[in-house]
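Take a look at the structure below.
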Amino acid sequence: MSRRHQNFRNYRQEQRLTQHRVIAAAILVLLMVIALMARLFYLQVIEHEIYQTKADDNRVMLSTLPPPRGLIYDRNGLVLADNRPIHSLTVIPERVEDLPKLKQTLSNIIPISDIEWQDFEDRRKEYRRPYQSLTLKSQLTDKEWAKIAVDLYKLDGVQVEAQLTRYYPYGEAFAHAIGYVGRITSADLERVDRLAYQGALFIGKTGVEGFYENTLFGEAGLSKAEVNARGRIMSELERQNPTPGKDLHLYLDARLQQYAYDLLGDYTGSVVAIDPTTGGILALVSKPGFDPNLFVRGISYDSYSELRESKKLPLFNRALRGGYPPASTIKPFMALAGLEYGFSSWTERYFAKGYYQINPDGRRYRDWKRTGHGWIDLERSIIESVDTYYYQLAHKMGITPMHNFLSRFGFGQSTLLDLHGESHGILPSSEWKKAKYKEPWYSGDSVNVGIGQGFMVATPIQIASATSALASRGRYFHPRMTNTVGDVPAKFESGPGDRDDIILKDQRNWEKIVEAMRKVITDPLGTGRRLRGGDYSIAGKTGTAQVFSLQEDQEYDAESLVKRLHDHALFIGFAPTEAPKISMFAIFEHGGSSSKPADLTKKLFDAYLYDDYPARYDYLKGNKNEG
Amino acid sequence: MKDSLYHRAVSFANARLWQLVHVDILLLGSLLLLISGGLFVLYSASGQDVAMVERQIFRLAVGMMVCLALAQLPPKYMRRASPTLFILVTFLLVGVLLFGVGAKGAQRWLPLPGGLRFQPSEIMKIVMPMMIAWYFSDRQLPPTFKQILAVLALIVLPVLLVAKQPDLGTSILVAVAGIFVLFLAGLGWRYILGAAALAPVAGYVLWQFMREYQRQRVLTFLNPESDPLGTGWNIIQSKTAIGSGGLYGKGWLEGSQAQLDFLPESHTDFIIAVLAEEFGMLGCAVLILAYLLVIARGLYIAANAEDNYARLLAGSLTLTFFIYMFVNIGMVSGILPVVGVPLPLVSYGGTSIITIMATFGILMSIQTHKRAR
């Protein structure tokens with residue numbers, strides 16, 4: 001067909017046409033190659049560093065090696081916070097063919113909760129290095145571990161990994177003092193080095209565990225390894241071994257702590273014992289406590305709500321945060337204030353009726369003894385705890401000298417060196433009242449403060465440390481938990497000398513006030529005469545705090561309401577009076593008579609000073625003196 | 001004088017010798033440059049698997065024999081055989097759909113006796129341009145509108161058959177091979193611009209016909225980070241390999257992405273990433289230059305071929321070879337979606353080496369069978 005037209009075809013022109021097209025194609029090829037080279041230039045030169053980093057991230061697996069956590073010992077070398085090996089179930093998702101099936105298989109062996117599975121699934125979907133194992137169930141029980149171990153060989157990608165976990169052998173009596181570690185939350189990660197905590201299971205939350213987190217944690221080690229895409233380690237490039245956390249040696253005496261806890265009986269309350277020569281806390285009890293081990297495992301919602309909703313407030317650290325009126329335990333301090341500022345003297349006598357009035361027709365401030373005490377002096381006002389004496393003294397003095405003097409003992413301030421969360425209490429002043437209530441200070445306010453009531457609120461740790469200062473005749477040590485860190489004495493940013501020792505105008509007043517407090521025990525009319533009998537002398541002061549703030553939790557049934565109205569029973573004391581080795585504050589909430597804390601104090605003093613513990617506490621003896 | 005004469009005589013004799021055995025020495029030289037460079041990269045990419053490199057060398061040797069054999073066949077015989085071959089291979093494609101074997105849900109191979117199998121779609125990459133070039137060989141250029149339609153009709157059937165296997169990459173290359181002939185034949189620029197304008201529509205239609213996994217590839221191409229562990233993994237890792245190579249590379253066998261298996265398909269489709277990581281941008285430039293030498297020689301042969309058939313066929317085959325390389329490097333470096341196209345003559349394996357070498361055999365034949373003028 002077309003051959004007929006051949007003669008008319010212009011072959012040269014057709015050749016030129018196709019040649020032009022070849023040239024056009026060549027130009028196109030060049031342009032596209034330039035585009036490719038530009039792309040390569042962009043990736044390899046301009047964005048080189050980004051990809052270099054990505055390649056290194058791929059190649060180099062940085063893993064932190066969690067250091068073993070420092071142990072916490074009591075003064076006798078008993079381990080209060082220990083490390084125990086636990087086993088966790090981990091899964092490498094890439095090695096598992098059928099995850100839902102695996103869940104089923106595992107569930108048939110050990111319980112896997114939906115929450116655990118969901119957690120696992122969530123973490124699996126995050127961007128991560130392939131072939132890295134993810135924890136499915138942490139802290140297997142021995143039984144679970146044994147059950148899994150049997151079938152492990154047929155479960156591809158499933159491993160049991162061993163780690164160290166925290167263990168508190170002595171439970172609830174120590175929970176508020178030692179604190180506990182718990183799962184690391186995102187809030188925790190804000191304030192610590194994320195890399196260091198990468199492999200860590202938990203972090204100190206409260207108590208000593210919380211305060212000394214950095215010391216106890218140690219320093220995480222680092223392993224830099226070259227890995228291939230399947231997560232297999234080809235070679236270790238660099239390794240920095242972890243530095244174990246340092247051990248803490250506390251002043252705490254485990255037997256004393258447990259004994260005090262038990263002596264509180266069914267009462268809620270607090271006991272704080274301090275060594276006045278060091279400020280070291282020998283016992284720090286807040287009852288009820290709780291099992292700190294619950295928090296280590298990651299407390300279940302149910303257990304937590306049970307603790308939170310308990311009317312006895314077991315999670316509330318009364319020793320540090322409980323606000324109580326110091327009541328008559330304030331009287332020795334008030335007496336010293338009166339002497340210091342010249343509002344009273346040892347010789348001046350005062351006729352104590354059953355009440356005190358600011359104005360002749362005004363309100364009657366009643367003494368605990370309705371009949372009154374008759375003619376008394378300052379010493380006797382302490383021995384018999386004469387309220388009216390302190391009403392008139394406070395009235396005369398006014399709030400400012402009281403405030404100034406009491407603040408030298410640490411009232412209204414935080415005093416603890418090495419625990420977080422201490423409450424300041426309230427040491428009232430006229431400025432304070434103006435700021436808080438927008439009202440002036442009235443004489444009646446002073447009168448109430450005179451016997452440690454009214455606006456005054458103090459925490460057990462405050463009263464105990466003030467008592468300790470009294471016991472050491474004005475030598476002031478901030479209370480502290482820790483004696484040595486590792487083998488080195490604990491260092492504190494603020495320490496002894498940070499607050500001045502209390503120097504009185506007449507230093508002989510220390511001995512006299514101690515003598516008055518000794519007579520609280522020995523005098524036939526002394527309010528602490530129950531403590532008599534012992535071959536060492538005790539100084540003390542009772543207190544009974546009226547309960548008038550019911551605001552916090554009002555829902556109480558009739559039965560507990562009755563108890564609720566009972567006064568708090570308080571006692572401060574120290575022994576031996578000549579050279580005190582232990583000073584004490586104890587409070588039984590709604591304990592009624594102060595005989596309960598007084599008895600407790602006596603028993604604890606006997607125990608501490610003469611090693612006179614009931615045999616059942618032998619297990620807390622520690623081994624410092626043995627072998 | 002004597003020397004110079006002597007040398008001229010020798011070079012004349014040599015030229016004649018190559019003419020005699022129908023080998024284009026420039027094309028052969030560029031190819032050998034490319035192939036030997038590729039083997040170095042393959043050795044590294046395969047994790048220093050000597051056996052794999054040996055198999056590749058064997059395959060290249062077979063390809064070279066096919067190349068040299070085809071070079072002996074004068075183009076006029078090829079032209080005559082073109083329609084027959086086209087019909088035959090089209091039937092084979094139908095056969096693939098009926099009796100084909102394959103893997104991963106695709107049927108691409110026809111079984112041969114003795115456990116061998118071959119892929120007709122590969123042959124179609126050569127036969128398609130042969131057919132269209134044949135069609136234009138005794139028609140006056142440029143093509144009329146009617147002729148364009150006729151050619152498009154010729155292209156559509158085999159392309160659909162290949163796409164049905166399904167093999168999107170090959171079907172596009174087959175279509176491209178045919179369309180290049182049309183372009184070289186002088187397809188009007190207004191048609192080309194019109195087609196470019198219609199591309200979005202075509203894209204939409206294509207999207208409708210795509211399978212789920214193919215759509216996923218396109219989506220991943222648009223945003224690889226959306227599925228970093230799944231379909232996006234390949235492209236993220238290959239970009240990382242390329243980018244981390246920098247200007248000079250990390251050194252042969254020193255690429256962590258390639259050596260530690262972060263790079264998937266590192267010895268097949270993604271082999272350029274290994275080169276880019278270990279030899280850097282410099283290495284890539286050398287490789288691309290080697291390709292350009294081959295392509296330049298191919299286009300030179302096309303431009304200087306004797307007749308329309310030879311010109312169109314040579315041009316189309318060369319451009320298709322270029323497209324291979326462009327699509328592969330483009331997809332590995334993340335400017336094109338991932339379609340399974342190997343890097344010609346460098347990627348390990350497959351039928352494609354034989355067909356590509358056959359292509360160069362045809363080019364040599366075209367260059368060496370010209371009548372002396």
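Cβ atoms are placed via backbone N, Cα and C, with glycine included.
Proximity of distant same-chain residues to the transmembrane segment (B:21-45), defined by a Cβ-Cβ separation under 8 Å and at least 6 residues beyond the stretch ends, is recorded for 52-53, 56-57, 60, 68, 71-72, 252-253, 255, 258-259, 266-267, 271, 274-275, 278-279, 286-287, 290-291, 293-294, 297-298, 301, 343, 345-346, 348, 360, 363-365, 367-369. Under the heading transmembrane segment, TrEMBL lists B:21-45 (among others).
Residues or ranges marked as transmembrane segment by TrEMBL: B:57-73 (among others).
Taken from TrEMBL, the feature transmembrane segment applies to B:85-106 (among others).
Look at TrEMBL and you will find B:144-162 (among others) tagged as transmembrane segment. Long-range contacts of the transmembrane segment (B:144-162) within the same chain, counting only residues at least 6 positions beyond its ends with a Cβ under 8 Å from a Cβ of the stretch, are 86, 89-90, 93-94, 96-97, 121, 124, 128, 131-132, 135-136, 170-171, 174-175, 178-179, 181-182, 187, 191.
Residues 108, 121-122, 124-126, 128-129, 131-133, 136, 141-143, 148, 151, 154-155, 158-160, 162, 192, 210, 214, 302, 308, 311-313, 315-317, 319-320, 323-324, 327, 339-341 of the same chain, all 6+ positions outside the transmembrane segment (B:168-185), place their C-beta atoms under 8 angstroms from a C-beta of that stretch. Sequence annotations record features per position, and here TrEMBL assigns transmembrane segment to B:168-185 (among others).
Feature annotation from TrEMBL assigns transmembrane segment to B:279-300 (among others).
As annotated by TrEMBL, transmembrane segment applies to B:312-339 (among others).
Taken from TrEMBL, the feature transmembrane segment applies to B:345-366 (among others).
Within the chain carrying the transmembrane segment (B:312-339), a Cβ under 8 angstroms from the stretch's Cβ atoms is held by residues 75, 78, 125-126, 129-130, 132-133, 136-137, 168-169, 172-173, 176-178, 180-181, 184-185, 217-218, 220-221, 224, 234-235, 238-239, 242, 269-270, 272-273, 276, 288, 291, 294-295, 298-299, 301-303, 305, 347, 356, 359, 362-363, 366, all 6 or more beyond its ends.
Between the transmembrane segment (B:57-73) and the transmembrane segment (B:345-366), three or more CB pairs separated by 6 or more residues in sequence fall under 8 Å, so the two stretches touch.
For the transmembrane segment (B:279-300), same-chain residues at least 6 beyond its ends with a Cβ under 8 Å from one of its own Cβ atoms are 24, 26-27, 30-31, 33-34, 37-38, 41, 245-250, 252, 272, 314-315, 317-318, 321-322, 325, 329, 346, 360, 363.
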